[in-house]
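A quick write-up on the structure given underneath.
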Amino acid sequence: MSTIVIFLAALLACSLLAGWLIKVRSRRRQLPWTNAFADAQTRKLTPEERSAVENYLESLTQVLQVPGPTGASAAPISLALNAESNNVMMLTHAITRYGISTDDPNKWRYYLDSVEVHLPPFWEQYINDENTVELIHTDSLPLVISLNGHTLQEYMQETRSYALQPVPSTQASIRGEESEQIELLNIRKETHEEYALSRPRGLREALLIVASFLMFFFCLITPDVFVPWLAGGALLLLGAGLWGLFAPPAKSSLREIHCLRGTPRRWGLFGENDQEQINNISLGIIDLVYPAHWQPYIAQDLGQQTDIDIYLDRHVVRQGRYLSLHDEVKNFPLQHWLRSTIIAAGSLLVLFMLLFWIPLDMPLKFTLSWMKGAQTIEATSVKQLADAGVRVGDTLRISGTGMCNIRTSGTWSAKTNSPFLPFDCSQIIWNDARSLPLPESELVNKATALTEAVNRQLHPKPEDESRVSASLRSAIQKSGMVLLDDFGDIVLKTADLCSAKDDCVRLKNALVNLGNSKDWDALVKRANAGKLDGVNVLLRPVSAESLDNLVATSTAPFITHETARAAQSLNSPAPGGFLIVSDEGSDFVDQPWPSASLYDYPPQEQWNAFQKLAQMLMHTPFNAEGIVTKIFTDANGTQHIGLHPIPDRSGLWRYLSTTLLLLTMLGSAIYNGVQAWRRYQRHRTRMMEIQAYYESCLNPQLITPSESLIE
């Protein structure tokens with residue numbers, strides 16, 4: 001429920017944010033020039049200023065209604081005030097003007113960067129290199145209400161007298177009659193190739209793409225509740241990055257280019273360096289700014305009438321027949337090698353994170369099997385499973401009766417601490433062979449007999465038979481002593497168990513002392529000869545306890561060793577059959593866990609506990625289900641089948657997504673790495689190729705007759 005609430009809240013927040021962005025964008029579309037003066041200060045328009053502006057606009061409308069010298073009325077200009085006109089923008093900027101052929105008394109067009117503004121004509125004389133300007137919004141062009149300290153309030157009378165004066169029509173020029181004429185041929189938008197030169201190199205977009213790769217990686221290791229949000233954010237970042245790299249520029253972002261015709265001239269002193277010479281060329285009063293690599297080729301157009309395309313900031317984009325930034329980008333594309341390097345490095349980073357942080361074996365196997373078309377196999381007998389033809393990637397469901405495998409030292413198991421030790425029920429031996437018998441051990445029987453004989457004599461029960469009278473036994477117990485009424489039996493059982501010379505050394509020494517014998521061999525001979533029959537030994541309680549502990553300590557190694565040996569003897573299944581192994585160590589049997597692990601029992605109890613486990617797990621029902629991850633046959637002919645638990649829907653998508661991300665990162669690293677290297681090599685030679693192209697166009701090499709002959 002909380003997830004749904006969070007989702008709805010996030011959806012509402014995104015909707016509100018999208019609505020606000022649309023509103024801001026629509027407002028900026030209505031005022032597209034606002035972004036050009038983002039650093040301008042603002043204030044409110046005073047009532048006196050508004051009255052002066054209204055009077056000026058009224059007088060301007062009257063002037064525009066007067067027919068020009070050709071008899072035609074001037075084109076109407078909508079300079080009506082609107083709701084945004086109360087905000088005054090104050091900035092310091094250069095003003096550029098162009099002349100046009102028209103009957104309009106105000107024949108000049110004024111620009112602040114790429115934004116055309118309406119400047120009252122009587123203020124032209126106050127234009128400087130840097131101007132303090134105040135603007136207000138109108139329905140069409142921004143209106144200048146103050147220029148370098150001169151305001152409309154002070155010059156309303158001058159405005160009316162100037163606006164009513166007839167102005168002769170001339171050709172378009174920069175300085176009118178005082179300068180050479182410049183013809184404005186056309187005003188166009190820059191081409192995509194010209195825009196590419198001022199477009200960012202795509203580093204920000206490359207970083208967005210790398211960030212989306214990282215978010216896709218984190219989708220694989222985060223809880224399911226966060227995956228949709230991370231995946232959605234990653235898709236948005238990836239889309240934004242790809243859109244920034246490959247989307248065509250918006251029409252509003254294309255700058256205006258003025259196509260002019262005139263005579264460029266160089267104004268400067270002798271002795272100037274190359275950089276100064278390229279920056280002192282003017283077209284009328286327009287100081288042209290050329291690309292640095294054009295410096296050797298612009299001299300031939302000086303003093304001649306030439307077509308020149310420039311931005312409003314006076315940067316030249318085309319001159320004459322051959323010099324063209326558009327043709328440069330078209331014939332010698334820009335090589336953005338750095339963004340390819342960033343994407344390749346980000347792809348390698350995510351690739352290494354996948355290799356070191358996420359197990360890739362199962363996702364790759366599952367994806368390959370899914371692509372090949374895996375089958376589902378169900379089997380209840382060994383023959384049925386053998387005939388099914390199991391392959392890696394198949395879904396396997398089997399049930400039957402088998403034996404839990406015995407874990408041996410040096411073998412790998414996914415389950416590190418099985419409750420059924422030494423049995424491992426995450427590995428099932430399944431075949432048609434007859435079940436193995438329960439393990440038996442003669443040494444364990446001998447150790448048990450010795451332990452029982454000592455316990456019977458040290459801790460007698462009333463119903464036990466004894467070689468001494470009941471009255472004597474009672475008297476001995478009252479005195480606090482302990483009676484061994486069959487000492488010879490203990491000696492014989494010890495000799496039977498501890499046949500080796502180094503076995504039970506401490507126990508043998510204790511029995512030699514109790515029997516007042518020279519050594520162990522002599523004591524055993526006496527016992528075998530029957531000389532110890534009827535010999536009773538009295539022990540103090542401390543000595544009796546010591547003897548009991550010695551017997552327990554001496555028999556423990558035999559029982560422990562025999563338990564391990566019996567377990568290993570079970571690790572020899574019949575040839576053939578199957579060994580079903582769980583990759584995650586899950587038990588395939590439904591048996592109650594023992595109260596304690598086998599090796600947590602005292603040594604004297606381990607054998608009995610082991611026999612109970614063997615009786616339960618050597619022939620036990622099991623159910624195994626999962627996806628086959630590995631199949632191989634060992635030297636014994638047993639087919640090993642590894643099973644991975646069947647993942648849920650979320651797990652399936654994680655497997656597929658892991659493989660897809662791995663392949664995508666590998667492909668991205670290779671492609672962008674190769675592209676970065678190739679683009680870097682081309683970037684190094686691009687400028688030389690452009691200069692060679694201009695050299696061949698402007699200074700063609702003529703082929704001499706001797707060179708054209710075919711030998």
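Each Cβ is built from the backbone N, Cα and C atoms, and glycine gets one as well.
Relative to the membrane, Ala247 and Met403 are listed by Swiss-Prot as lying on separate sides. With helix defined as DSSP H, G or I and strand as E or B, the topological domain 'Cytoplasmic' (247-339) counts 24 helix, 29 strand, 40 coil.
For the topological domain 'Cytoplasmic' (23-204), the model gives a mean pLDDT of 71.
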